[in-house]
Amino acid sequence: MGSGRSSHLPAPTRARLGSSTWRSMHPSPRRPAAATSNPAMLLLLLCLGWAPPGWGWSRGSSRGTAGLPPNATTPISIMGLMPVNQSEEESRITQGVLPAVYLAMDQIRNESLLNPYSLDLRVYDTECDNAKGLKAFYDAIKFGPNHLMVFGGVCATVTSIIAESLKGWNLVQLSFAATTPELADKKKYPYFFRTVPSDNAVNPAILKLLKHYHWKRVGTLTQDVQRFSEVRNNLTDVLDGKDIEISDTESFSDDPCTSVKKLKGNDVRIILGQFNEEMAVKVFCCAYDEEMYGSKYQWIIPGWYENLWWEAWINSSQCLSKNLLTAMEGYIGVDFEPLSSKTNKTISGRTPQQYEKEYNARRGDGQSSKFHGYAYDGIWVIANSLQRAMSYLNSTNEHQKIEDFNYSNQKLGNIFLSAMNETRFFGVTGEVVFKNGERMGTIKFTQFQEQKEVKVGEYNAVDDTLIIINNSIRFQGVEPPKDKTIIQEELRKISLPLYSILSALTILGMIMASAFLFFNIKNRNQKLIKMSSPYMNNLIILGGMLSYASIFLFGLDGSFVSEKTFETLCTVRTWILTVGYTTAFGAMFAKTWRVHAIFKNVKMKKKIIKDQKLLGIVGGMLLIDLCILICWQVVDPLRRTVEKYNMEPDPAGRDISIRPILEHCENTHMTIWLGIVYAYKGLLMLFGCFLAWETRNVSIPALNDSKYIGMSVYNVGIMCIIGAAVSFLTRDQPNVQFCIVALVIIFCSTITLCLVFVPKLITLRTNPDAATQNRRFQFTQNQKKEDSKTSTSVTSVNQASTSRLEGLQSENHRLRMKITELDKDLEEVTMQLQDTPEKTTYIKQNHYQDLNDILSIRNFTDGKAFWMESAQASLIQTSEFRFEVYKDGEKAILKNHLDQNPPAQWGSSDPSRTSKDPIEDINSPEHIQRRLSLQLPILHHAYLPSIGGVDASCASPCVSPSASPRHRHVPPSFRVMVSGL
C-alpha cells in the first residue's frame, strides 16, 4: 500500500490536496490490531489528544490553499471522507467521483457563486475501516482547519459511526454513495444528508410498478444480510395498507433452493428479491430447476449489480450458463438513476448530457463510478447551502460570517442544517430535494433482455410518477404475468346443441303421447277401449307427459337461469318426475289389480270394481308421494351446491387456470331421502310385477295388459338401474349425465306408452270385435300345468275360478246323462198310467225309487248351484225344480205347490170321503193318477231347457200338443204354472 497509491490519483486531485491532506493519505505503518479492537476506547483517547505509537497524524497548513487560483481570497474547507486505498473495492468509487467533484468546484468558482469564498475539499482516507475512519475524522478536526461541512461517506459502517457523532461537532455531513437504510434514522443521525437515494428509496418505486401492472400479491426472497433485511422490512411498511399482500416471506443464508420451493408452493408469481450477485446466480439456478420462470413469473431484484455480473459467479454454481440465462430472461432490476434522462438545464447551466461529456473528458481513461453524478450534485448542494446561509447571515445584520464557524458554534451549525434542508434545484441526477435528510431522487427500471440490461422505465420520487419507456418491457407471455394463479371458475354447462336435440326428441314424445290421448278419447265408446278403462289410460298418458316435461327442466343450468331460479328448478323437476312416474305406473298397476281381483275371487262373490275405485288407488299412491315430497321440502329442502374440480390449463394458452365447477341439487341428508323415494318406487314396481305374473293367463286383450306391463316394468327397471349408476359415475360430466338421464326418461316413457296403446290401436284397426267376442267355456284335457286350468274368455265382471268351472262342467255333463235316463222312465210311467189304471199299485211299489231319484235333483242343485254373471250374457242357464217331500214312514208323497188347495170340482165327490184320513184320500189311486198325469209332463217340460229342449220361458207347455211327442197325451184343460229360470 504505501507510496504507490498517489500515482493512481488524477493530477488535479493531487494538486488540490493540501500538505496535511496529502500526508493523511500516506499514513505510517499500520497500528497493532489490539489498538483498533475497541472503537469506543479509541474515540475516548482521540478526544484526549492521544494517539498510539506508529500512527501518522496529519498536521497540515492553515487552510490548504494549494491549487487555488490567485484571486481566491478566502477558501472554506470541506472535509472529504472517502476510501482512497486502491486495495479496497470502495476506493474505486473515490477514483470515479473525484473528477466530477473537482469539475463542480471549478464551475462554482468560475461562476463566483460563493464570492468572496471558494471551496477547498480536503480528502481524508477512511480505508473503509472503522478505526482508521475515526482517526482520519479526528485528525481533520484536531489538526486541520475548521471544516464547515463533511462531504463523503462511502462505507456504511464508517459513515454510520462518524454520522452519529456529528451533532457534537455541529457538522453537517453530505454523502454521495452511502445507501444503507440505517442512516435514514433522523433521531440517530440528525446531521446526516445524502444526495444518493437510499436502498429503501426503491420501495416506493416498486410499489408504483406493482400498482401499474395490478399486481396485488407478491412474495419476498431475502439474503440474511442486514442491508437486505432492512430493505425488506421497509418494503413491508411501504406495502402495508396499499392493498398489496405479501403472501410469503422467505430468507436464506447460502442455499436459496428451499426458499424458492416454498415460494412456488405458495403460488407466488411476483418475487421481490434482495440479494447480492453471488446469491443471485444460485437463486436463478434454483428457479430454473423449479420452472419458476417464463410467462407466469416475474422477478424483481436489485439493479445495482455490475455489468455482466453473472459471469463472475457462474462457475461457482451447479447450473449451466444456458439454463441460467433462460431463468434470468425478463427479470426487472431496480436502482437509482445515475444521470437524469431529461434534457433540462441543471443548476450549473448544463444539461445532464453535457455534464456527462465533460466528466468523461476530465476522467480520461480513469475509473468511472455510477455515483459521479451524485457527487457532482453534492458539491452544488454544499455551495447552494452555504450561499443560502450567507444570505441569511447578511439579512440578520449580526455581523457574522460563514468563515467564523467552529465546531462549538451551534448557531452557525443550525443555520447550515436548515439551509441544507431547504435545498431544491434540478441537478444532473434529477430534482435534488431532501425529505428528512433523504434524497427524493429518480429510480430507474431495467430489464434483462437477450443477455443485456435495457432501461425500460423510471420513477420520479418527487412527483411520484412512473414512466414506462415506449412499452419497452417485454413479457414472455401475451400479457404481464398474473400475481397469482388466476383461477377462473368455469361452469360446466350442458351443451346447447345437445339440449336442443334431446328437447326435440322430447317434443316428439309429447306429440306421440298427445296422439294416444286423442285416440283414447275419440274411441272411448268402443268396446275395446271402454273395457280397458279409458280413464286409467288417460292417467298413463298424463304421467308420461309429465315425465317428458321433466327433461326440459333437467337441461336448464346456470348458463340459462339464475342461481335462485336454478334452486327452484331443483324442487320443481323432482316433483314433476316423481308425480309423473307414480301417475303412469300407478294407473297401469291399478288396472292390473282389478283384473287380478276378478279372476282370483275364490269366494265366488259378485264384485263390481268401478273406475272411481281405481282413481282412488292412484290418488293414494300420489298422496304418499306428496307426503314424502312435502316432508323433504320442509325438513331438508334441495339447494344449489357447487362442486369444484381440479384446475386445468387454459386451452387458449392464457396465464390462467380453469377450475371447472358444476351445479348440483343436493341437501344435507340426500342419501336418506333418495333411499326413501327409491324404496317406495321399488315396492311399487315389485307390486306391479306380482300383479302381471298373477294375471298372465288371462287372455282377454281388452282386460289383460299383464304381458305388456311385465315388459314395461322390465325395461323401466333395467334402464333406471343402468341410468342411475352411469349418471352417478358421470356426475362430473354434465353433458353425459344429462344425455343419459334424458334418454332413460324418453325411452321408459315411450316404451310404456307404446306397449299400452299400440296393441289396442292395431287391434281396433284390424279386428274391432275380436276382443269382445263371448267365448264358451271348454273342458281341455291336455293342460300342461298341474292344476289343469282352462283359459277362458269371459266378459262378465264376476268370474268363477277355472278349476271350479272344470269340475262343474263335468258334473253338469253327468247330470244331463242322468236326467236323460230318468226322462225315459218318466215317459214310460206316463204311458202306463194313461193306459191302465190298475197299474197304480205297480207304480206305487216299484217306482218310488225312481221318484226319489228325481227328487234328489233338488238336493244336488241346491248344493252345487253357482252363479256366473258377465257383461254380455249368462254362461250357463240352469233350471231349478222345487218339490216338497213329505215322509210318513216309508212313504214319499209328491205335493204340487200350485195345487195345495184343491179346486171346488174336486170337492163334489162322495161326501163320505171327507171324513176319512187326509193321507189316505190323497194317496188314493184316483188322486195319484190325476196328479201324475199333470205333474210329470210339467216336470219333463220344465227340465228340457237344461238338456237342450224348449225354452223354459214358455208359460204354457200344453198349448201346442204337437210341439213335442212326449206331451201329446197331456190334456190341455189344466191350468199349470212352471217356476224356472
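Using N, Cα and C of the backbone, Cβ positions are placed for all residues, glycine too.
Among the features that TrEMBL reports, coiled coil is placed at 805-832.
Positions annotated as compositional bias 'Polar residues' by TrEMBL: 790-804 (among others).
Here TrEMBL flags 902-912 (among others) as compositional bias 'Polar residues'.
Sequence annotations record features per position, and here TrEMBL assigns domain 'G-protein coupled receptors family 3 profile' to 498-780.
Residues annotated as region 'Disordered' in TrEMBL: 1-34 (among others).
What TrEMBL records for 780-805 (among others) is region 'Disordered'.
Feature annotation from TrEMBL assigns region 'Disordered' to 896-923 (among others).
The list of residues near the transmembrane segment (496-519) in space but at least 6 beyond its ends in sequence, with Cβ under 8 angstroms from a Cβ of it, reads 537-538, 541, 544-545, 548-549, 551-552, 555, 735, 738-739, 742-743, 746, 749-750, 753, 757, 761. The transmembrane segment annotation in TrEMBL covers 496-519 (among others).
If you look up TrEMBL, you'll see 539-560 (among others) marked as transmembrane segment.
Sequence-distant contacts of the transmembrane segment (572-593), counting only residues of its own chain at least 6 positions beyond either end whose CB sits under 8 Å from a CB of the stretch, comprise 532-533, 536-537, 539-540, 542-547, 549-550, 553-554, 614, 617-618, 621-622, 625, 629, 638, 665, 677, 681, 684-685, 687-688, 691-692, 695, 705-706, 709, 712-713, 716, 745, 749, 752, 756. Residues or ranges marked as transmembrane segment in TrEMBL: 572-593 (among others).
Residues or ranges marked as transmembrane segment in TrEMBL: 614-635 (among others).
The feature transmembrane segment is assigned by TrEMBL to 672-693 (among others).
Same-chain residues lying 6+ beyond the ends of the transmembrane segment (713-729) with a Cβ under 8 Å from its Cβ atoms: 585, 685, 688-689, 692, 737, 740-741, 743-744, 747-748, 751-752. Summarising the annotation, TrEMBL assigns transmembrane segment to 713-729 (among others).
If you look up TrEMBL, you'll see 735-758 (among others) marked as transmembrane segment.
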Segment proximity, the transmembrane segment (614-635) to the transmembrane segment (735-758), 3 or more C-beta pairs under 8 Å: no
Chain residues in Cβ proximity to the transmembrane segment (672-693) (below 8 Å; excluding those fewer than six residues from its ends, i.e. six or more beyond): 578, 581-582, 585-586, 588-589, 592-593, 595-596, 621, 624-625, 628, 632, 636, 706-707, 709-710, 713, 716-717
Long-range neighbours of the transmembrane segment (614-635), counting only residues six or more past its ends (CB under 8 A): 533, 535-536, 539, 571, 574-575, 578-579, 582-583, 586-587, 590-591, 593-594, 673, 676-677, 680, 684
Arithmetic mean of per-residue pLDDT over the domain 'G-protein coupled receptors family 3 profile' (498-780): 80
